[in-house]
Every structure is written in C-alpha cells, then in structure tokens.
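The block underneath contains the structure these notes are about, expressed in structure tokens.
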Amino acid sequence: MADIRDQKLLYHITSLENVASILDNGLLPRVELEDFDDVADHEILDGRQAYNLERYVPFHFFARNPFDGAVQTDNPDTDFVLVAVRRTLAQARNWSIIPRHPLANQGVEVLDYEEGFNRINWQAMNRRDYNDDESKSVCMAECLSPNVVAVNDFFKIFVPNEQVKKNVEMLLRDKRIALDVKVNQGMFLNR
C-alpha cells in the first residue's frame, strides 16, 4: 500500500442526498448548512463545536478511515460519495491541519498546513490499526478549509457503484458542471 504521506488527495465523505446542494453552493462549513442529510455523530459534533471546528470544512487524508467507516455503518441505507480535492490546493491556501482525532485526549491542535503536515505521525497512519488507539487517532487527522470549497476546486467525486455514478452524473449534467466521477468500491465499506 502506498505511503499516505505521499498521496495527492484529500477526501470529504457525504451523503448522495447532499450532492445537489453541494453542486449549487460548494462544500460549506457545518455552521453555514441549513437543510442537509446529516450523517455525523451528534455527540462528536458537540465536542467539535466546543473548539469552533464547525466553522471549517473537514477533509481526511485517505478514504475508509475510522470516521468514514462509522458514518457508513451508522447509516446502512444511505449512499455515500467522496469529494476529493488536491492536497496542493490545501497547501497553497494554507488550510489548517489537526494531526490526530480532533477530540483525542491530547486536546485539539489546529496548526497551519506545513506544521500540521509535519506533525502527523505518518508511520502510525500507515499502519491503519484501528485497534491501536494511537494509530486510530492519527488516522482521523483532518485538513480543514476555513472557507467554502467551490465546485471548481474539486478534483473528482468517487462513488461506490455504477448506480450512484449515474445519479451524480445526472446532477452534474443538469447543472452543466464538468467533473470526473469514478467508481471505486474499495474506498467505501462493502455492503
């Protein structure tokens, strides 16, 4: 498996039901959202709010991380997509990074892109050992956009199957947006 540190993309998981609104408005910070299919754990959201993290758009460094797995497990009847952006975009705009799970016992460290990137324990992340607290926590490191992420900043949308691809492509066509949609079942839980 490729070293996560050297990969090129960041990922934001969301419900297929949110895609039309995302194509209209971009990816918005949670604090700006009104009517959407909320798949996140509300107990965790309360903790994030205490650190004003709802003012950012969160991305993860790889798909099928513990957060992605939890939301898919908790919402088994929901179709999901992964919006991908290039890491170079986040770096150029100096997005923030939290080098481990935002609610880890060590507290929240919101760092600028370079410092945060260098503070991530990439060895622990590459292990992807979700039974090891350190590895699991680092696997939920986040890259945070302080602003709306516009659709023209998206690199690609990954989907779990052909039917979801058709649905997303129909929305893109209706809105006259050119964006690549790729089926990659390995990025999602097998159901």
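Glycine too: its Cβ is placed from the backbone N, Cα and C atoms.
As the structure is a computational prediction, the values presented were derived from the model and not from experiment.
The domain 'DarT' feature in TrEMBL is assigned to 8-189.
I13 (NAD(+) binding site) carries a strand DSSP state (E or B). The Cβ of I13 (NAD(+) binding site) has H60, A63, F67, D68, V71, Q72, F80, V81, L82 as same-chain neighbours under 8 Å, each 6 or more residues away in sequence. Sequence annotations record features per position, and here TrEMBL assigns NAD(+) binding site to H12, I13, T14, R48.
Among the features that TrEMBL reports, active site, proton acceptor is placed at R48.
Its Cβ taken as reference, E142 (active site) is surrounded by 26 other Cβ atoms within 10 Å in the chains shown. Summarising the annotation, TrEMBL assigns active site to E142.
The average pLDDT for the domain 'DarT' (8-189) in the predicted structure is 90.
Cα to Cα, T14 (NAD(+) binding site) and E142 (active site) are separated by 15 Å. Residue pair H12 (NAD(+) binding site) / E142 (active site) shows a Cα separation of 10 Å.
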